[in-house]
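Colleague: First, the structure itself, so that you have it in front of you.
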Amino acid sequence: MLIATIPESAGSKPALSPLRMFLLTFCMVGIQFTCSSHCTYELHSISTLLTIVENFNIGTELHICCHWSCQRKPQPWCGLQGQCQISILGLLMQPLIGVLSDRTTSRFGRRRPYIAIGSVLVCCSLLGVAFARDIATFIVNILGKETEDPLHYARIIAIVLLWLLDFVLNAVQASCRALIVDVPPVWQQDAANAMASSMSNITMVFTYIVGFLDLTAYLPVAGDSQFKVLCVIAIFVFLIAQSVTCLSITEEVYDVIESDLTSWRDTARQVFHSFRSLPRPIQLVCNVIFFAWMGWFPFLFYSTTWVSSIYFQTHPDKDSSDWASGARAGSFALLCYAIVAVISGILLPALTTHSIRNVTLKNVWTFSLLVFSITMISTHFVSTVGGATIILSLLGLSWACIMWIPFALIGEYLNIYNESQRATYEEPILRKVTYGALHRARIGEGSGSLDDVEANAISQNNDWFLCSQCESGMVLGILNMYVVFPQFVVAIIASAIFYFVDLVVGDNLEDNSTYKGISILLQFSGIMALVATGLSRYVIDVEIGPKKSI
């Protein structure tokens, strides 16, 4: 096992109290609520969304956040177009925003200005999407074209604002994640990212519940439709969440240096160079991330459709027009999955922070990936809604880990690098620490600096870190690229699977080509998760203080 061991007293950043850590991670509530609100709206008005999807192929932009398939019967080209459109935004936005925020010299800090500006744009986009038809009607009246159908203008407004929403939401999310890495010391990275994951999971459950309420009856002043009221609520939640974090957390002011004053072309070149030359510990995490998300995207897009297909197979008295019953079965399974994710997000971090032997981030991540792989492969044997619900519920454990452990590991690596830079600011790169034949580097009771880590590390010919531009914004942006790339691959593979299944099965409803195609795709995701499980054994653990067996 490759482990870098550092004392809890190492580093210059002050420790965060539980309250300040809560305030730091509270920003994730707004981000998750905004994403999940689209899912809960779809449960109420899926027919309206299907009309939008069929006419404009923009439904996947909503489904990225809400884990719903593109249509009740997944059409390969719809999935391919939608996934690739939204992927381009995430692919480009987060690395660029990360680099730009890394160089920001504002007296308010590096991340908070981007969070503040992005939050205003997110709220404006949400408001515009919710009231697109009303805005279109107003425009038609202003232009004196009362005879024209405002729906045409409403669709254009909705499409443009959905793209803007995705654009700025990526920017805010990137800045929030970087802030969570920047503020806590290295030994609190695990706890901070675990709390951020729990915030997201709890919010996901809350929005599912809110979405089932008749909001127009409780808040008629906010709008005359479920979606309008939900968007208005999302705006208030988003603003409150981001305001709490921005006003309660302080950042260090970054001093600009001459090398930071570069053009957009140099910025893009820097992102490309950093992508190709990541430090090995970060690259190992990214390798796992790539194959793990190759497994996650089929689940996120087609899990509820899979449950619905099983429902119709086990209820032959129901026909395809009774989509609401199948949708309820799928939504209940997702609710169970979200509840398990909340419980896992609370219990598992408690185990990793209580010095239990062998219960490390690396081992927990491997276990969660193995659970993910086994459950996805076992979908081949599932033929009842109850069994499908159990499968989805078990995946809540794996989801809690994928939203916590990679960010915690990256945060620890970056803080080790940054603290070394503080100690030896005259050196352009981090010194050799602990990679190669290192198995365990113990620190004495009285040790309190990263110099002791280096002095006690058992190192041979390899460097643990060689990085001249290891800033959290850029690295987290590149990490997001490893999340985005699998979307392109999965879109192509899903299209091929559905195409060949349709050729073999045809349109025979008794054979249910939709169910078979999704089942094959979910089993493929299990194989990808198995690859990620093997790669996770090469990830480097950072042990905070000497472990004690209990």
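Here the Cβ of each residue, glycine as well, is placed from N, Cα and C on the backbone.
Residues or ranges marked as signal peptide by TrEMBL: 1-36. As annotated by TrEMBL, transmembrane segment applies to 113-132, 152-172, 202-221, 227-249, 284-312, 332-352, 364-382, 388-410, 479-500, 520-540.
Can you tell me where each of these features sits in the structure?
Modeller: Long-range contacts of the transmembrane segment (113-132) within the same chain: residues 27, 30, 34, 97, 100-101, 104, 106, 154-155, 157-158, 161-162, 164-165, 168-169, 171-172, 174-176, 179, 223, 227-228, 230-232, 234-235, 238-239, 242-243, 245-246, each at least 6 residues beyond the stretch ends and with a Cβ under 8 Å from a Cβ of the stretch.
When Cβ-Cβ distances below 8 Å are used as the criterion, the transmembrane segment (227-249) is approached by residues 20, 23-31, 33-34, 37, 40-41, 44-45, 112, 115-116, 119, 122-123, 126-127, 129-131, 172, 176, 179, 183, 210-211, 215-216, 219 of the same chain, each at least six residues removed from its ends.
Long-range contacts of the transmembrane segment (332-352) within its own chain (CB-CB distance under 8 A, at least 6 residues past either end) are made by residues 39, 67, 190-191, 194-195, 197-198, 201-202, 204-205, 208, 303-304, 307, 359-361, 364, 385, 388-389, 392-397, 399-401, 403-404.
Using a Cβ-Cβ cut-off under 8 Å and counting only residues 6 or more beyond its ends in the same chain, the transmembrane segment (364-382) has close neighbours at 288, 292, 295, 299, 306, 310, 348, 351-352, 388, 391, 394-395, 397-398, 400-402, 405-406, 519, 522-523, 525-527, 529-530, 532-533, 536-537, 539.
Sequence-distant contacts of the transmembrane segment (388-410) (same chain, at least 6 residues past either end, Cβ-Cβ under 8 Å): 177, 180-181, 189-190, 192-194, 196-198, 200-201, 281-282, 285, 288-289, 292, 296, 299, 303, 306-307, 310, 329, 332-334, 336-345, 348-349, 361-362, 364-365, 368-369, 371-372, 375, 378-379, 382, 475-476, 479, 539-540, 542.
Cβ atoms under 8 Å from those of the transmembrane segment (520-540) belong to residues 2-4, 281, 284-285, 287-288, 290-292, 294-299, 302-303, 306, 362, 365-366, 369-370, 372-380, 409, 413, 435, 464, 493-494, 497, 501 of the same chain, restricted to positions at least 6 beyond its ends.
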